[in-house]
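K.L.:
From TrEMBL, here are the annotated features:
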type	residues	note
TRANSMEM	20-44	transmembrane segment
TRANSMEM	50-75	transmembrane segment
TRANSMEM	87-109	transmembrane segment
TRANSMEM	121-141	transmembrane segment
TRANSMEM	153-177	transmembrane segment
TRANSMEM	183-200	transmembrane segment
TRANSMEM	295-318	transmembrane segment
TRANSMEM	330-349	transmembrane segment
TRANSMEM	361-380	transmembrane segment
TRANSMEM	386-406	transmembrane segment
TRANSMEM	422-440	transmembrane segment
TRANSMEM	446-467	transmembrane segment
Amino acid sequence: MPSTEREESLKAKTAKGFLWGGLSNGLQQIFALAFGIVLGRILMPEDMGIVGILTIFSAIAAALTESGFVSALSIKRDITHKDYNAVFWCSITVGAALYATLFLLSPLISRFFEIPALTTLARVAFLNFLISSFGVSHSAYLNRNLLIRERGIATMLAVVIGGVSGVLAALFGLGYWSLIVQNLTYCLIVNASFAYFSAFRPTFRIDLRPIKPLLQYSSKLLITNVFININNNFLTTILGKFFPTATVGHYNQANKWNLMGQTLILSISNNLIQPLMTEVAQGDDARRIRVFRKVLSLISFITFPMMFGLALISHDFIVLTIGAKWATSAAYLKVVAFGGAFAVVSNAFSNYTLSRGNSTVYMWNIISFGLLQVALFFMLKDVKLLYLLGAYTVLNMIWLNTWYIICKDSLNYSFSFLFKDVYLYAATALISFIGTALWIDSLAEPYIRLFMSLLSMGGIYLALCFFHSRSMFLEIKDFFLKKM
């Protein structure tokens with residue numbers, strides 16, 4: 001096949017992949033929202049709390065099992081069956097060893113958190129990363145061959161079947177076990193589907209020698225992924241030692257909606273701006289800074305009103321969807337959503353850092369952020385959780401500037417650019433938030449209050465953006481219209 005035809009074929013495959021990836025992500029968010037609402041109405045905060053305590057163990061074990069192999073296999077120049085087969089058996093071996101270790105340590109985990117039920121619960125819950133170890137090579141095959149449609153179908157099936165299984169278990173009164181049923185069903189379905197769609201088939205001719213060159217690339221990614229999981233799950237787990245299980249459940253519920261909001265924004269922005277990010281990496285200096293500013297402005301324009309808006313409607317949203325028993329979660333969500341906005345914007349800088357090949361800088365920045373989170377918790381663990389979450393939000397705001405400092409020289413990106421591309425939109429969203437919050441509680445009907453909150457904040461935000469950044473506002477509007 002001529003090179004031009006191959007390029008066109010790759011472009012068509014990539015475009016099709018973006019379409020399916022965007023559609024799949026959107027549908028997954030909708031189903032996750034629906035199942036989250038149903039389970040929230042059935043289960044109690046204690047149920048979500050006791051399962052949330054175990055999340056960090058499963059997440060770290062899953063990262064160790066995957067070991068960065070999916071990414072390493074995806075970029076390897078010449079790949080053979082031996083590479084996939086070596087990763088398959090290595091992942092299973094690591095997964096089995098970790099499961100055996102955590103199986104034996106489960107009584108100690110239970111004793112540490114002073115919750116006897118955790119022993120049996122942990123031994124069942126930890127099966128999820130053991131199951132996932134069987135799908136690492138198949139997942140890498142789908143990634144490498146741009147089988148995004150097949151991956152989307154597999155994930156969608158797993159979300160739906162897992163969600164239905166969890167809801168049925170909850171309706172039968174299984175309590176926190178319904179969340180375990182949901183997670184394990186998801187893992188079984190998604191990994192079985194990956195294997196079905198993948199052309200790779202493992203053999204018993206085990207040769208682990210191809211693992212060594214893969215580790216040269218994946219080792220930093222492994223360390224980074226472990227710390228990302230620690231950063232995301234540390235607070236949920238450690239709260240179980242110092243706070244009641246119900247408090248852990250309330251925080252876990254709030255953080256779930258916060259992360260869901262972040263994921264929704266990232267799925268939207270990544271599909272819209274991915275072609276622009278390629279230009280950032282490849283263009284000359286003048287073009288690079290111009291395109292990066294456009295990317296960052298677009299992300300900020302979307303992120304701050306959505307996440308601050310989530311904070312604004314947190315009480316009505318939580319109470320109307322999952323019930324008044326979760327009202328405490330709404331107070332937590334109001335705080336963490338602000339920090340979540342800055343985490344999303346920081347993602348643009350971290351992606352740029354990776355695109356420049358600065359994986360070591362990226363890794364140490366993630367590690368430093370994680371260590372600061374741990375230190376901050378032990379400094380403030382005796383205060384109210386709301387104040388602790390406020391401190392974490394401030395840390396997220398500060399850490400955006402850390403990413404800026406890392407990137408500013410290679411980008412020739414001044415602080416005035418950061419102010420115009422990020423902080424101006426954040427300030428505009430905050431003014432819109434305050435301008436609505438001052439009067440919205442005068443409306444007694446919660447459904448009307450929720451609707452008017454979004455309408456008022458959105459209207460004020462768009463009007464102010466049109467006033468202070470008219471050219472960028474019109475450019476973003478045209479960009480959205482073209483994409484739609």
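The backbone N, Cα and C atoms fix where each Cβ goes, glycine too.
Unlike curated entries, TrEMBL annotations are predicted automatically.
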K.L.:
Looking only at residues six or more beyond either end of the transmembrane segment (183-200), which have a C-beta under 8 A from one in the stretch?
P.N.:
81, 84-85, 88, 124-125, 127-128, 131-132, 134-135, 137-139, 141-142, 147, 150-151, 153-155, 157-159, 161-162, 165-166
K.L.:
Using a threshold of three or more Cβ pairs below 8 Å, and leaving out pairs closer than 6 in sequence, do the transmembrane segment (121-141) and the transmembrane segment (50-75) count as in contact?
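P.N.:
Counting Cβ pairs under 8 Å, at least 3, so yes.
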K.L.:
Would you kindly list the residues that approach the transmembrane segment (20-44) from elsewhere in its chain, counting only those six or more residues past its ends and only Cβ-Cβ distances under 8 Å?
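P.N.:
Same-chain residues near the transmembrane segment (20-44) but 6 or more away: 148-149, 151-153, 155-156, 159-160, 163-164, 166-167, 170-171, 175-176, 178-179, 182, 246, 249, 253, 256-257, 260, 263-264, 267, 271, 321-323, 325-326.
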K.L.:
So which of 87-109, 295-318, 361-380 is most in touch with the transmembrane segment (386-406), counting Cβ pairs under 8 Å?
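P.N.:
Selected stretch: 361-380, with the most Cβ pairs under 8 Å.
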K.L.:
Considering pairs 6 or more residues apart, do the transmembrane segment (295-318) and the transmembrane segment (330-349) have at least three CB pairs under 8 Å?
P.N.:
yes
K.L.:
Look over the recorded stretches 87-109, 361-380, 446-467 and say which has the most C-beta pairs under 8 A to the transmembrane segment (121-141).
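P.N.:
Comparing 87-109, 361-380, 446-467 against the transmembrane segment (121-141), the winner is 87-109.
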